[in-house]
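**Student:** Heads up, here are the entries from TrEMBL:
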type: SIGNAL; residues: 1-22; note: signal peptide
type: DOMAIN; residues: 63-352; note: domain 'Peptidase S8/S53'
type: ACT_SITE; residues: Asp72; note: active site, charge relay system
type: ACT_SITE; residues: His115; note: active site, charge relay system
type: ACT_SITE; residues: Ser301; note: active site, charge relay system
Amino acid sequence: MNNKHNTLTVLCALATLGTAHAAPYEESGRTGDPNSWRSAEFLRDWGLARMQADQAYAGGITGKGVKVGELDSGFDATHPEFATDRYHAVTSSGSYVDGTVFNINGTLNPNNDSHGTHVAGTIGASRDGIGMHGVAYNAQLLVGNTNKNDSFLFGPNPDPHYFKAVYNALADAGVRAINNSWGSQPPDVSYRTLADLHGGYAQHWNKGTWLDAAADVSRRGVINVFSAGNSGYPNASVRSALPYFQPDLEGHWLAVSGLDQGNQQKYNQCGLAKYWCITTPGAKIDSTIPDGGYAIKSGTSMAAPHATGALALVMERYPYMSNQQALETLLTTATQLDGSITDAPNSRVGWGVANLDRAMRGPGQLLGRFDANLGAGQSDVWSNGITDKALIQRQTEDLAEHRAWQQTLKNKGWENGVPVGASQQDQTDYAVGMTRDAAAASRVYEGSLIKTGDGRLMLTGDNTYRGPTTVNGGLLAVNGSLTSRVTVNDGGTLGGSGRIGALTAHHGATVAPGNSIGSLQVTGDVTFAPGSTYAVELSPTRSDRIVAGGTATLSGATVALSLENSPTLLSATEVQSLLGHQYTILLAAGGV
C-alpha cells in the first residue's frame with residue numbers, strides 16, 4: 001500500500017553488518033520467560049511488544065516450519081536479515097493478456113522499490129542480534145513479485161494472466177497465507193459508503209480481473225491477507241472486503257487495519273469487513289530495505305505483515321488446525337484497544353488488536369462448527385473461556401439485512417431478477433444481494449465443538465458457547481466449565497474434573513471422570529446407553545464420581561473398575577484388597 005507517512009530512513013553499511021556478524025549470535029530468550037525475549041532487536045519494532053509476541057516466543061513458538069507467502073514489489077535477497085535458507089523467491093511464468101511472455105521471480109528488479117523488502121522484514125527477518133527481527137522469524141517466507149512498484153494501482157486493470165500465474169505459483173509452493181500489501185488505491189473509487197464499495201466492486205464483477213485470481217487460491221484453502229488502505233475511510237478497500245461480496249471466501253480472507261504508537265486505530269477502518277478484520281501496528285514501523293539497510297515506514301502495508309507473521313505463529317502453535325481454524329483463533333483472541341476481550345467485532349477495529357498471549361491458549365470463540373482433530377500422540381490444553389457471542393450479533397444483523405433486501409427487491413421490481421439490459425451496477429448489486437441472502441440463510445449461529453482423532457484435548461476455561469459438544473475420538477477432558485451438552489460416541493472418551501451441561505454416552509463410548517481420581521459435575525441429566533462404559537478409578541479412600549443435577553440412566557452400560565493410575569481392570573488380588581470399602585460413584589439429584 002502506497003505510504004504517504006514515511007518519516008525516516010536509516011542506512012547501515014554492509015561493512016558494519018559484516019563485522020557485527022563475526023561473533024556468533026547467542027539467544028538470550030528463555031522458555032517460560034517472556035521478558036527475556038525483549039532484546040534491543042525485539043524492541044526495534046514496537047509492534048512485537050504490542051501484539052505480545054514475546055509470549056509466543058517464550059512458549060517455543062517462532063513460526064518454524066510454517067510456509068507463508070508475500071506478493072509485493074520484490075525483496076532484496078542479499079540483505080543480511082535474509083541470509084538463510086528460509087527465504088525463497090518464487091518464479092511465475094506465462095503470457096500477459098497481450099501475448100507477451102513473462103518469467104519473473106520474487107527478487108528485487110528495476111521495476112520494483114523498497115516496499116516489498118520492508119514488508120518481508122516485518123514478516124520474517126532473522127533474529128540474529130542485528131537490526132530488527134520479524135514476527136515469525138523462523139518461518140519459511142516465499143515471495144512473489146508484482147513486477148511493479150508500490151504506486152501500481154490495484155483497480156480492475158492489473159493483468160489477470162500475470163496475477164493468476166503468481167498467485168498460483170505461491171499456492172503451488174505450499175504457502176498457507178499470502179500477504180498482500182502491494183499497490184495503491186485508484187483515484188476513481190471511494191470506500192466511504194456501502195454504495196461506494198458496491199461501485200468499486202462492480203468494476204470487477206463477472207470480468208475475470210486479478211481479484212478473481214486471488215479469490216481462486218483462497219478457494220484452494222490459502223489465507224489472503226490484505227491491507228485495508230490508508231485513506232482514513234470508515235471501510236476497508238474493496239479487495240480487503242471481498243468476502244462481503246463473495247461470502248464463500250470468509251474464513252480464508254483477512255483484512256488488516258492499522259494501529260499507531262498512541263494506541264489509536266489509524267488509516268482505513270474495518271467497516272463492513274469487520275467479521276474478517278483485525279488491527280495491528282502499522283505506524284512508524286522499522287524494517288528492512290534494499291542494500292542492507294533499515295527504514296521506518298507507515299501505513300496498513302506495515303500492519304498487514306504483522307498480522308501475517310502473527311498468523312504464522314498461530315499455525316505453528318496448533319499443527320492440527322486447518323488454515324481457517326488458525327485464522328479464527330487469531331481473530332477471536334484479539335482484544336479491544338483497552339485490552340478488554342472482544343465479544344463481537346466492531347466497524348472500527350474489527351475483532352481488535354492481535355493478542356498473541358491469548359492466541360497461544362486456544363480459540364476465544366467458536367464461529368460455527370469447530371472440528372478439533374488431534375491425532376495419536378497429540379495433546380493440547382485450551383485455557384481461554386470460549387464463547388460464541390459474535391454469532392448473536394451477526395444473527396441480528398443478518399436478519400435486518402435480509403428484511404432490507406426483500407424490500408429492495410420489491411422497490412426495484414427485481415422479484416424475478418434484473419431485467420434484460422440492466423446496468424453493470426444493477427447486475428452486480430442483484431448478484432451480491434442474492435448471494436449474501438443465501439449465505440445468511442445457511443449460516444449457523446451457534447458454536448459447537450467436535451473432538452476427533454486419537455489425541456487428547458483439555459478444556460480448562462469457562463466455556464459458554466451454545467452449541468453441542470461431541471467426542472468422536474480420543475479424549476476430551478473438561479477441567480473448567482462447559483455449559484454445552486456433551487455427547488460421547490464410539491471411540492471417544494470424556495474425562496476431567498470440571499462441569500458440563502448434560503451427558504449422553506452412546507455405544508462404544510467411555511466416560512472416565514477426573515484426570516486420575518476426580519469428580520465430574522453435570523448440571524443436567526446423565527444417560528449411559530447400552531454398550532457404553534463408565535470407567536471408575538479406585539483407591540482405598542476415594543473413587544471417581546459423577547454428580548448430576550438431573551436424572552441418571554445406566555441402561556446396560558458397563559462399569560469398569562481399576563486402581564488409581566492403573567490401565568487395567570481390577571485383578572482378583574486387587575479386588576481382595578478393597579473388600580469392605582464402599583464407594584459412591586454416581587449421585588443424581590433427580591434419581592438414578
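The count begins at 1 with the first shown residue.
Any Cβ shown, glycine's included, is placed from N, Cα and C.
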**Student:** Looking only at Cβ atoms, how many others are within 10 Å of the one on His115 (active site, charge relay system)?
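**Tutor:** That number is 29.
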**Student:** What kind of secondary structure is Asp72 (active site, charge relay system) part of, going by DSSP in three states?
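**Tutor:** In three-state terms, Asp72 (active site, charge relay system) counts as strand.
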**Student:** Would you mind pulling the DSSP three-state label for His115 (active site, charge relay system)?
**Tutor:** helix
**Student:** Cβ-Cβ under 8 Å from Asp72 (active site, charge relay system), same chain, 6 or more residues apart: which ones?
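**Tutor:** Once residues fewer than 6 apart are set aside, Asp72 (active site, charge relay system) is near His115, Gly116, Val119, Ala120, Val143, Gly144, Asn145, Thr146, Asn179, Asn180, Ser181, Trp182.
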**Student:** Can you tell me how many other Cβ atoms are located within 10 Å of the Cβ belonging to Ser301 (active site, charge relay system)?
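**Tutor:** Taking every protein chain into account, the count is 32.
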